[in-house]
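K.L.:
Sharing a structure with you now.
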Amino acid sequence: MLGLKKHDLSLLIIVAILTMAAPFLLNPFPTESGMAQFNAGYPDLMQKFVIFGIFAIGFNILFGLTGYLSFGHAAFLGVGSYACVWMFKLLGYNVLPGILLSIVVSGLFALLIGVITLRRSGIYFSILTLAFAQMSFALAYSVLSNPKFNLTNGETGLQVYADDPQWFHSDRLPDLPHLFGLSMRATHRMELGAWEFQFNVGYYMCAVIMLLCFYLAIRIFRSPFGLMLRAVKSNQQRMNYTGLNSRPYTLAAFVISGMYAGLAGGLLSAVDPLAGAERMQWTASGEVVLMTILGGAGTLIGPVLGAGLIKYFENIFSKINESVLHGWFGFLPDGLEDFVITLVYPFVGKGWHLTLGVIFMLVVIFLPGGLVEGGQRIGRLFRGKKPSGAAKSATTEPAE
Amino acid sequence: MGILEVKNVNKRFGGLQALGDVNLSVAENTVHAIIGPNGAGKSTLLNVLVGKLIPDTGSVMFDGQSVLGRKPYEINQMGISRVFQTPEIFGDLTVMENMMIACFAQRDGAFRMHAVGSMWSERDIVATAEDMLESMNLQDKRDMHSASMSRGDKRRLEIAMCLAQSPRLLLLDEPTAGMSRSDTNNTIDLLKKIKQDRDITIAIIEHDMHVVFSLAERITVLAQGTPLVEDTPEKIKGHPKVREAYLGESQVAA
Ligand SMILES: Nc1ncnc2c1ncn2[C@@H]1O[C@H](COP(=O)(O)OP(=O)(O)OP(=O)(O)O)[C@@H](O)[C@H]1O
Ligand SMILES: [Mg+2]
């Protein structure tokens, strides 16, 4: 069905079920309980999960398949964000034109950068992409923001002002991003005993788009084109002496992944109509590399898992402060309590990067295949030593 | 005029004259062996033929067209396939996937955006790839990671991939190096059969004289980058210059 083999189809279905049920799955703790702060089922974070999932899925098409490690993909994310906000400013708050334009503009931008950077491979390619992204950042941050020609609105970030044209805006429509009148912020809250679940329009729109992106990625992975991309990674020499021109293949992969990134950027603006230059910074480019490697580069589901894990840490672990720790370890004798908290404290709150770093190191050293490999190993343990090649069991992990 | 005409080719690496005034003519539909001691410049010559190296001077014509200045993939598309001295295959991929890549390259050319359908739904490609594997006796290893095969199997896979492209000129750089005696004999039989079945010209570099004398119709002896003699196998066997420069002692008997 859908042109997929059985095990890819079941993977797609599982991911679809998990993303659709995410508002329930990510809120396992009752609202009033002490564990409620670990709930991730609120719109803002769920949107990030799927949007960065798209970013990472696209990045994986380039990095996972061809092995070309781009350190500049945030530039496309940023370009997509700006393009979308510009559509808000010019046309109005319907997200559709903005999302479409963000894909087109980032695709063209990726074509330009790809033609230049793909002349080199390996570390030189990475450095070139990094240089381009930093140039884009500088352009967005200062150069393209001056009174005569203000494309990016510099440090403040690009946003919609009251005197913007918004040609197609009418009073009947929400004064915030919407899809044909359906506001991205609209959230239905459902109380169920001690639990509360939130169903947000912006999340569901992004989730459906992510599923489409995921489906497309599966098709690319299994296509002759995908096979050629894997050939690029495996042995470019053999490829060239087999009569294949690797350059257009890598360029196509680069542009496709740039379009995914642009789409993700457009969606970020769609759920929050403010585009800042910091989205293009090298840390943002590095983040998607971490997501992909953490989840499992070259696997289908890995990047989505990696994106979820990192966003979860960024938003949940960073909220744990000292008083929360005192709450947890209050049962210990005073001296011991202080000691334990001193030990734990650097790893939570602002120190969440430290925990992430440790996890990243452990994964790279012990699970080079990322979380997906971890899941496969666990799956194998449970199933006994059945021949491998069966469905990637990692999908049973939370859909974060 | 041979299908391959090499004229006055020179190549220097710093102070080393790797190829010095090489002239070589390979007649169509023959097996032409190039032999010579280690470091004679045999692989360097092949590198020039496939566009990996650009010679300092000289010309290389394939079927009346110059190959110099063309990219490796363009030269391959002209009809020249090469098996390398150390096997070059797609190690991360399965044997079948390796084969399919060669078949796609043969059918679709240097680039084709073909990203929607599944690769397994390309029935003609799958069928050709499976046939080729069978003819090389690799069908049992179909789903194996190609990097985990023995060196001899890798070489056979590489030969199969080159043949799948129906090249007009096949360049083999020590195809039996690292093979057992029986695998070597199988390869000899295989190459003989290929030669019978299709119109193909083969240029083979080989240290194993048993292989050379079983296959070659003409032999060029290369020493220190320069062709010493070119002749039929019978003449080469007894040639004093060759004995002196290369065959030396015991190998003549082999
Ligand atoms: N890219 C290169 N740069 C510098 N020197 C090179 C290069 N390629 C080959 N050489 C040198 O050129 C000479 C010829 O090398 P080549 O590989 O052609 O020899 P060969 O006849 O194939 O030997 P063998 O039988 O050992 O494979 C050698 O001395 C080698 O070190
Ligand atoms: Mg050699």
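Keep in mind that glycine also has a Cβ here, set from the backbone N, Cα and C atoms.
Note: TrEMBL annotation is automatic and uncurated.
The feature transmembrane segment is assigned by TrEMBL to A:9-29, A:49-68, A:99-116, A:123-144, A:201-221, A:248-268, A:288-313, A:354-372.
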K.L.:
Can you find at least 3 Cβ pairs under 8 Å between the transmembrane segment (A:9-29) and the transmembrane segment (A:201-221), where each pair is 6 or more residues apart in sequence?
P.N.:
yes
K.L.:
What stretch of A:99-116, A:123-144, A:201-221, A:288-313 shows the most Cβ pairs under 8 Å to the transmembrane segment (A:248-268)?
P.N.:
A:99-116
K.L.:
To the transmembrane segment (A:99-116), which of A:123-144, A:201-221, A:288-313 is linked by the most Cβ pairs under 8 Å?
P.N.:
A:123-144
K.L.:
Short question: which residues 6 or more past the ends of the transmembrane segment (A:123-144) have a Cβ under 8 Å from it?
P.N.:
68-75, 78-79, 82, 113, 116-117, 150-152, 154-155, 277, 280-282, 285
K.L.:
Near the transmembrane segment (A:354-372), which same-chain residues lie under 8 Å Cβ to Cβ, leaving out any that are not at least 6 residues past its ends?
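P.N.:
Long-range Cβ neighbours of the transmembrane segment (A:354-372): 290, 293-297, 299, 301-302, 305-306, 309-310, 313, 317, 346-348, 392, 394, 397.
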K.L.:
For the transmembrane segment (A:201-221), give me same-chain residues lying six or more residues beyond its boundaries with a C-beta closer than 8 angstroms to one of its C-beta atoms, as numbers and ranges.
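P.N.:
Contacts of the transmembrane segment (A:201-221) (Cβ under 8 Å, skipping residues fewer than 6 from its ends): 2-4, 8, 11-12, 15-16, 19-20, 22-23, 43, 46-47, 50-51, 53-54, 57-58, 60-61, 65, 95, 99, 177, 179, 182-187, 256, 260, 263, 267, 270-271, 300, 304.
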